[in-house]
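Here the structure is laid out as structure tokens; the discussion comes afterwards.
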Amino acid sequence: MGKSHFMLSLVVVILFLNFVCSFSMESPNITTDRLALLALKSHVTSDPKRFLATNWSTSTSVCNWIGVTCGSKNLRVTVLNLTGMGLVGTIPSHLGNLSFLSRLNIMNNSFQGFLPNHLANLHRLKFINLGNNKFGGEIPSWFGSFTRLQNLYLFGNNFTGLIPSSLCHLPKLESLNLGNNNLRGQIPVKIGNLSTLKTLHLGTNQLSGQIPGTIGDLLNLERLRFSENNLTGPVPSSIGNLTFLSYLDFSSNSLSGALPFQIGNLQNLEILSLGINSFSGSIPPPIFNISTALMIWLGFNQLSGQLPSTAGLGLPKLEGLYLELNELSGPIPTFISNASNLIFLQLTNNSFSGTVPDTFGNLKYLQRLDLGHNNLSSKPSSPVLSFLSSLTSCKSLEVLIFDDNPLINGELPVSVGNLSASLTLFYASHCNIKGSIPGEIGNLSKLFWLGLDHNDFTGTIPATLGRLRELQDVDLGSNKLEGSIPSELCHLERLAYLTLTDNKLFGPIPECLGHMVSLRNLFLGSNSFTSIPSTLTRLDGILFLELSSNSLNGSLPTDIGNWKSVTNLNLSDNQFSGAIPSSIADLMHLTHLSLSGNMLQGSIPASFDELISLEYLDLSRNNLSGMIPKSLEKLQNLKYFNVSFNRLQGEIPSRGLFGNYSSQSFIGNKDLCGPSRLQVPPCKTDPSKSANLLKYILPVIGSVILVSVVVIILLRSRNTKTELPIQENLPPLPEWRRISY
């Protein structure tokens, strides 16, 4: 019994001693972690949400601090997650004492400065995310010693220098993101050593040179992004080895050469982004057979040739096809409509020809169709644009652009009013479209931009446009529209841009336009309008006002100065008469003013010198008289000045920018004078002014001469006395005379 009691006591003592020993061993370690974190807290200069200030307290356990996780076995800090706390500060070297740390995440803060070398001690790290901070300097090479590291995110900082080759020796690395920094130099050839890598993001840096062929050794790669660098040369054919790749982005570089056919091997690819480069040659047909593709962007290159006739058959999931700004030609394949999930189709700025396929109507999910700047035509057998009727089946269509296709040459069908209720932009300029604008266009209630300029439309402006209350921009310029501006347009309370230039419109400009306070640009030039309503000067937010080449008459509005914001004002080639209102000097933002080709009289207002922003002033072909104000010499931005063919007189100003103007600026004013280079006679001196001047100058000249004579006499008299020889030094007269020379 005694022996058992003794043994039990011994066990208790041993357990107690073991507890005490383990406590004494662990206590300094967690203390070290606490001191390291308190050092970090002391290096934080801004804690806007007071996460650390209110939570990281010495009175509570480190393992309970916000953003801190401790291991269950050793009670050491294993995770530090301060993401998105808005912290500002630097990283202390003490952080390198968190020797059990496996995850470090301080993304989306404003930490700055260099990374301390003491962090190289954190050999247990598997996950590092320092993204979206302000760290600078070169990426430390000691990152390459973290053999357990699986994820390294350094994106969105100010790191400079080269990509350390040591990063290419991380045997377990799965994600490497160095994007959005200022890294330069070439992509390391040894990048192919990262055999476990799944994500590689080096985009938005200043990397140069070629893409190394060893990129094809990353057989587990799923996401690859080198966009927005200065990379050159071709895409290596080894890219076709990356059969797990789902995301490939080499856009915005200077890559060139032909696209490798091996891209077609990437049968898991969802995103292919190669736009804004210098690729040439034809598009490899296998690209159109990547059945997993969601988006293909090859725009802004020099690709040529025709699209394969079967394009679309092998793209059942495709949502976006972007081929804009290339040199592609031939017909648009009708099978493209087999890509039934297509949402965005961008074919603008190529040389596609043939008719616009009616099969586009099969694209039920289509939201944007851009066919602009090609050589497309309409069906010769149909007087109307039948493809527009087919598009009425695309109930999600928001943007429809087919401008600058001069061969389309048909009429808008009445069915244009049945296009998608979601349509916001309809742009069909430079297409030789004939006939009238259908009134049914007023059914497109969500439309905010309507561009039908530079066509052959006839008839009147449909009053139904007044129903399109979302309209902000209407351009019907350069057509053959007749009649007056319908007052219904004044119902468009959001209209900012109205262009009706170069039509056959007539009558007075409607008074109600003056109530459209949202108007910023109003272009009504080259029509036959007869009068400006007094209400128009209420448009105090107008920026561009173009009323040239009409039949506007009467005086210029005296309250023209109300257009406080106007920068460009063109009232040329009308029949305005009377004087130029002095209030025009209130247009302090005016840069371009043209009043030429009218019948304006009186003088050029001297107050023009207050138009300090003025760059262009044309007052030619009027009946202006008087002198050119010398105060205009103050206008330091006035690059163009023309007062030719008026009745101006007197001296042409010579200072400031007037020294740059040619004779063409002043021709046709017979009473102007100035330097011969302006092909005008020299300015004569006024005799009466000369006489008055002499009356004051002659007495002054006489006084100066008199004083000068007196001074000269005095000086000569003084010199004579100074030069007389002293008498006692002279020899006797007879002896002096005997001296021979």
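The backbone N, Cα and C atoms fix where each Cβ goes, and this holds for glycine too.
Automatic, uncurated: that is what TrEMBL annotation is.
It should be emphasised that the depicted structure is a prediction, and the values quoted were computed from it without experimental measurement.
For 1-22, the entry in TrEMBL reads signal peptide. Positions annotated as domain 'Leucine-rich repeat-containing N-terminal plant-type' by TrEMBL: 32-70. The domain 'Disease resistance R13L4/SHOC-2-like LRR' annotation in TrEMBL covers 166-277. Per TrEMBL, transmembrane segment is recorded for 693-715.
Taken together, the residues of the domain 'Disease resistance R13L4/SHOC-2-like LRR' (166-277) have an average pLDDT of 98. Shown for the domain 'Leucine-rich repeat-containing N-terminal plant-type' (32-70): DSSP residue counts in helix, strand and coil, namely 19 helix, 6 strand, 14 coil. Using DSSP to sort the residues of the domain 'Disease resistance R13L4/SHOC-2-like LRR' (166-277) gives these counts of helix, strand and coil: 24 helix, 33 strand, 55 coil.
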